[in-house]
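S.K.: These came from TrEMBL, pasted as-is:
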REGION    211-252  region 'Disordered'
COMPBIAS  216-249  compositional bias 'Acidic residues'
BINDING   Glu321, Arg328, Arg345, Glu374, Phe414, Arg487, Lys493  ATP binding site
ACT_SITE  Lys323  active site, N6-AMP-lysine intermediate
DOMAIN    402-528  domain 'ATP-dependent DNA ligase family profile'
Amino acid sequence: MEFAEFAARASEMEREPADLATVALVRDLFLDAGEDLPVVVRFVQGRVFPAWDSTTLDVGPRLLHEAIARAAGTNVTADDVEDKLADIGEIGAVAESYEFGGQQGLAAFAGGTDGLTVAEVDETLREVAAADGEGSEDRKLSTLFGLFNRCSPEEAKFIARLVLSEMRIGVGEGTVRDAIAEAFLADAEPADAEPADDGETTDGARTDLSAFAADSDPEAGDGEAKEDESEGDDDEGEEADESDDEDEGPTMRATDDELAAVERALQVSNDYGMVATVAREEGESGLAEVRLEVGRPVQAMLAQAGTVTDALAEWESAAVETKFDGARVQVHYDEAEEEVSLYSRNMDDVTDPLPEVVEFVEANVGESVILDGEVVAIDEDGDPLPFQEILRRFRRKHDVSRMREEVRVELRAFDCLHADGEDLLDAPLTVRHERLTDVLGGTGAVSELLVSADAEEIAAFEERALEAGHEGIMLKNPDSTYSPGNRGRNWLKRKPDVETLDLVVTGAEWGEGRRAKFLGTFLLSARTDDGYETIGKVATGITDEKLAELTELLEPEIQAEEGQEVDLRPAVVFEVGYEEIQRSPTYTSGYALRFPRFVSVREDKDPEDADSLERVERLADGQ
């Protein structure tokens with residue numbers, strides 16, 4: 001395909017405001033792409049490389065401006081390009097404003113003098129990406145100059161955008177997915193078919209994209225979805241009603257199953273160009289055979305915010321894991337090649353910055369696997385360090401040995417996506433964790449998994465995680481499959497408490513073990529006209545340092561002790577978060593806080609300023 005043809009089609013997409021019409025334009029482009037299909041699919045998304053490939057052109061705006069200026073003429077400088085960018089606001093429009101092709105010299109015609117093809121542009125941009133080492137910036141500049149010098153203004157617009165991975169034509173990942181299904185899976189509508197009354201075509205296909213538009217990631221590709229052109233004034237609407245069916249605009253012919261087949265293949269491969277080619281040449285059956293590939297990362301499954309109450313209400317039981325304060329990492333080990341590859345949440349290759357993780361995998365894994373987990377920074381005692389410390393390792397390209405000594409890291413694996421030739425994405429979470437234990441059992445790297453329907457048992461698990469210095473807990477559906485790139489309700493991050501109460505501390509318990517000298521569990525009470533009524537105990541969310549401070553604060557208020565239990569004079573007010581207030585005979589108020597968490601000491605409040613039992617009752621009734 002001539003690149004001029006691609007650019008003209010892209011310009012048409014850029015001008016088209018309607019989603020359905022844009023899908024039709026992309027579909028037609030794919031149908032006409034021929035052997036250039038994989039490249040064309042990537043180009044409409046502003047990509048030179050597949051989504052899973054972290055290779056970049058490594059060309060900054062200044063270098064791009066210099067290349068445009070050099071190709072535009074001897075009287076144009078990079079500063080001129082930047083000034084015009086400040087006025088116009090977008091680099092593609094800036095490039096389009098120049099006339100190219102008048103420059104001389106070997107670099108100007110390095111690629112030839114004929115019209116550019118899509119394949120040539122792809123090959124040239126890959127040469128730019130491959131330039132490395134001493135003098136690489138000059139080689140990149142020379143290569144880009146030669147490319148722009150062969151461009152028409154319209155071609156230059158899209159090459160400039162490709163260099164910066166910003167196509168700005170309103171084509172996101174959802175649009176490309178739908179266009180692949182439309183182009184290569186959907187059956188053409190029979191010419192004499194009558195419209196179906198139920199909103200579907202005669203073959204049961206979808207008639208519009210509305211249900212799938214919500215599935216598209218608004219942050220993917222070019223961002224905001226386009227607006228449908230169906231709205232207008234009343235007169236125009238009446239005229240539209242009288243028009244022929246063919247004036248109603250394009251409709252969606254691909255069925256839900258066909259769209260799902262493309263979506264699934266994309267999730268597994270993260271390669272839109274490859275999926276389009278398979279769909280064209282092998283159809284739906286070929287897409288079903290697309291598998292995970294060791295060394296090719298997939299998007300990580302993500303979690304929504306939620307509560308223990310949510311989890312137990314939605315599932316019969318919850319799978320509970322520690323929420324680490326680390327960085328997400330996907331571990332790939334190819335047994336045949338004896339090669340380890342590590343990828344970040346964004347699928348960047350982070351193998352080199354983490355040599356000790358590579359060494360750990362090499363020493364402990366005996367089969368080809370793809371694992372999901374986190375890398376955590378630890379101190380000399382093995383206790384976790386803040387997230388900022390692990391970032392010092394992830395971002396390090398040089399002095400890795402020195403940084404390895406300064407910031408120790410360890411792997412914490414919590415999922416197994418593939419093992420010994422078998423994809424496990426569709427296996428239940430509990431089965432995947434069992435397979436993970438087979439792979440790494442006994443190494444200390446496997447995250448503990450508790451499956452429970454007992455809220456108190458879950459609370460105790462969370463308390464242990466917090467005491468160990470971790471962020472908290474994750475709640476997962478034990479029967480859930482692994483859905484790459486999906487942020488659904490099958491994984492929940494226990495969200496911060498949305499409501500707090502200011503409650504008086506009227507009792508406490510001495511701790512045990514290393515906390516024996518601290519008051520560690522605090523009895524909370526709500527204010528009444530006659531005194532105070534107990535409503536719960538809090539021990540979660542308090543570090544050893546804070547316990548020492550609280551013990552020093554409360555010891556002067558001790559009125560009586562019996563064993564480990566301590567009665568306190570009402571003097572100190574805690575701000576306490578919680579998930580829910582429930583009725584309970586356990587405490588004298590008749591209520592109990594579910595999953596209470598210490599927030600702070602309200603030094604600005606006296607006990608008479610604490611929350612009343614009346615407010616507790618109102619909050620409970622309003623839930």
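Along the chain as shown, the residues are counted starting at 1.
Yeah, the Cβs are placed from backbone N, Cα and C, and that goes for glycine too.
What TrEMBL says about a protein is an automatic prediction, not a curated fact.
How about a rundown of where these features are and what they're close to?
M.R.: Around Glu321 (ATP binding site), a 10 Å sphere centred on its CB holds 22 further CB atoms from the protein chains shown.
Within 10 Å of the Cβ of Lys323 (active site, N6-AMP-lysine intermediate) there are 21 other Cβ atoms, across all protein chains.
DSSP assignment over the domain 'ATP-dependent DNA ligase family profile' (402-528) gives 33 helix, 54 strand, 40 coil.
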S.K.: Would you identify the secondary structure of Arg345 (ATP binding site) according to DSSP, in three states?
M.R.: coil
S.K.: Can you work out the mean pLDDT of the predicted model over the domain 'ATP-dependent DNA ligase family profile' (402-528)?
M.R.: 93
S.K.: Have a look around Arg487 (ATP binding site) and count the other CB atoms within 10 A of its CB, chains all included.
M.R.: 13
S.K.: Around Lys493 (ATP binding site), which residues of its chain at least 6 apart sit with Cβ under 8 Å of its Cβ?
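M.R.: Counting only residues 6 or more apart in sequence, the Cβ neighbours of Lys493 (ATP binding site) under 8 Å are Ala303, Gln304, Ala305, Gly306, Lys323, Gly472, Met474, Leu475.
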